[in-house]
Amino acid sequence: MASQCLNHHIPTKTDFPSFQNARPFRSSNHLITFPSFTTAKFHPVRVASYNSASTTAGYNDQVVDEEMDRIRRLQNGSDVRGVALEGEKGRSVDLTPPAVEAIAESFGEWVVSGLEIERGAAAARVSLGRDPRISGGVLSVAVFAGLARAGCVVFDMGLATTPACFMSTLLPPFTYDASIMMTASHLPYTRNGLKFFTKKGGLTSPQVEEICDKAARKYANRFAKLSTALRVPPTRVNFMSAYAHHLTDIIKQRVNHPLHYDSPLQGFQIIVNAGNGSGGFFTWDVLDKLGADTFGSLHLHPDGMFPNHIPNPEDKTAMAVTRAAVLENNADLGIVFDTDVDRSGVVDKHGNPINGDKLIALMSAIVLKEHPNTTIVTDARTSMALTRFITDRGGHHCLYRVGYRNVIDKGVQLNKDGIETHLMMETSGHGALKENHFLDDGAYMVVKIIIEMVRMKLEGSEEGIGSLIQDLEEPLESAELRMNILSEPRSAKAKGIQAIEEFRNYIEQGRLEGGNWIHVEIVGLVKGALWTQMTLQHPLTPICTGNMHANTISDRDSPFLSSAKVSEAEHGEHGWVHLRQSIHNPNIAVNLQSTIPGGCQSMARALRDKFLIASGLDKILDISQIDNYAEEMGSSSARNKHKLQLVEV
């Protein structure tokens with residue numbers, strides 16, 4: 001049956017639909033000029049005034065520093081992100097076309113320099129894709145201008161996904177030298193950003209920092225803040241069709257259906273919720289072509305205002321409407337993509353949402369069938385039950401720093417060190433496989449799940465993919481709270497590090513009053529696994545399970561997070577508290593998890609009273625969410641029930 005989109009018209013062509021309100025750029029006599037967007041109002045960039053005789057030496061030093069800091073603050077770990085449109089309360093536009101052009105030029109120069117070292121002088125070929133955000137047209141031209149200034153040959157992929165941008169450096173006949181994806185993932189329509197790739201994968205945080213630092217100097221010292229015309233237009237390419245064909249071939253080959261090889265999804269109904277992002281292609285160019293019934297799919301048409309819900313597999317609304325569609329249509333599977341399709345979540349045939357720890361468990365079950373005894377790397381927020389789930393199936397679980405780039409890089413390093421590691425996955429839905437170039441690709445994850453679903457059916461099972469995780473225990477309670485950092489943006493990172501370091505020190509130095517808080521000596525990282533030696537009777541506790549070779553290094557290079565195991569006399573160890581600094585916004589995320597009733601609120605209360613207020617950090621952090629959550633406990637007897645011990649891990 002032809003795919004349909006509830007409440008939306010589905011284009012009949014298989015290519016991505018074009019934007020109706022504005023074209024990416026206008027071309028006339030080979031000059032590309034910036035389009036005007038009636039819906040987009042850009043905040044003007046403040047520039048130091050100078051007369052015609054002025055030079056960069058005439059800039060006021062403070063103004064130059066502010067201009068440079070403006071660009072440096074756009075770095076977001078291994079990405080660049082900022083506010084591209086007005087509309088956010090308390091946030092001014094900082095990702096302007098001049099800023100984007102300077103960053104793109106610096107990236108282009110970085111790519112060209114690397115190619116000169118590798119193969120001598122040669123023009124660098126760089127592709128650009130983007131999600132449907134309404135600021136994408138204007139900012140795309142800024143990228144084209146910056147890359148052209150760096151001497152790159154530019155290829156315009158149009159509407160694309162983040163994984164496709166990386167694959168454009170590998171799949172023939174394209175094989176570009178580098179690629180940029182313009183996206184801000186699940187963030188509001190006012191945001192935008194850049195992700196960078198070479199044939200080796202995504203750039204690291206230090207590499208992006210180097211590029212942004214160089215761009216900051218260009219931006220601050222440039223007389224003409226923006227190129228207004230591009231004499232050589234970029235070459236338009238339809239890479240997404242090639243990428244979709246790549247995915248369909250994988251499904252055909254690995255299912256190897258005995259009756260209908262070319263339509264292995266015949267008889268399956270699969271619902272896709274693209275959230276009006278870039279994921280609609282998976283319905284039209286993958287599932288439909290493999291014979292699936294995609295009737296009932298949701299929000300496939302790209303809309304940069306994201307009018308229905310946040311395109312995010314962690315979003316409750318996104319999962320709820322997908323669940324409802326699966327149950328209403330008696331579908332076999334529901335799929336939820338984020339905006340740029342580097343993350344995904346699913347809903348099984350019974351309407352059970354599978355994201356977070358459940359999605360990691362599902363992928364672990366699939367991967368461990370193919371690669372027994374492999375190591376699986378996750379971020380440190382995953383549950384103790386997930387560790388048991390993995391080890392019960394013969395796998396090894398390595399918990400590492402929060403941040404998908406950290407998790408993936410740890411898996412790469414473990415493989416280099418001779419430790420077979422086939423899956424790296426974060427609770428946010430970012431997941432990478434060794435077999436897929438260590439690329440976090442939400443569509444590829446779904447491909448793996450679909451292949452397993454079909455195989456189970458061919459083997460006579462009618463239970464569906466949810467049966468693979470039916471024995472995964474769930475924590476009784478979990479919560480994520482935020483503490484906004486009360487400072488200017490340029491000081492937020494330093495104050496966040498201060499708060500997390502203070503949390504670690506309070507535990508290590510035994511400064512927590514009113515409870516038996518256990519001091520922990522940090523022994524080190526064993527092949528990336530954090531080990532702790534408790535000073536009481538507790539044995540050495542591995543955070544990365546399984547046998548690892550000794551290779552101890554300090555964990556003090558991670559000032560952005562700290563964790564604590566939580567125990568009390570009656571129930572023993574029952575949960576944990578995890579503090580981490582957000583890389584997206586000036587706040588600290590507090591994750592809590594407990595296996596006993598009221599445990600999370602008890603931990604929140606202890607964190608507030610014994611640490612945040614006692615240390616005075618409530619003066620630089622907005623602890624209202626912690627305060628409100630702690631006071632939900634109800635009676636004072638319930639509040640005083642649990643006397644907690646926190647053990648840093």
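Glycine is no exception: its Cβ is also placed from the backbone N, Cα and C atoms.
Computed from a predicted structure; not experimentally measured.
Copied over from TrEMBL:
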- 74-217: domain 'Alpha-D-phosphohexomutase alpha/beta/alpha' (DOMAIN)
- 243-351: domain 'Alpha-D-phosphohexomutase alpha/beta/alpha' (DOMAIN)
- 355-455: domain 'Alpha-D-phosphohexomutase alpha/beta/alpha' (DOMAIN)
Per-state residue totals over the domain 'Alpha-D-phosphohexomutase alpha/beta/alpha' (355-455) - DSSP helix, strand, coil: 54 helix, 21 strand, 26 coil
DSSP-derived helix, strand and coil totals, residue by residue, for the domain 'Alpha-D-phosphohexomutase alpha/beta/alpha' (74-217): 56 helix, 35 strand, 53 coil
For the domain 'Alpha-D-phosphohexomutase alpha/beta/alpha' (243-351), the number of residues DSSP places in helix, strand and coil: 37 helix, 18 strand, 54 coil
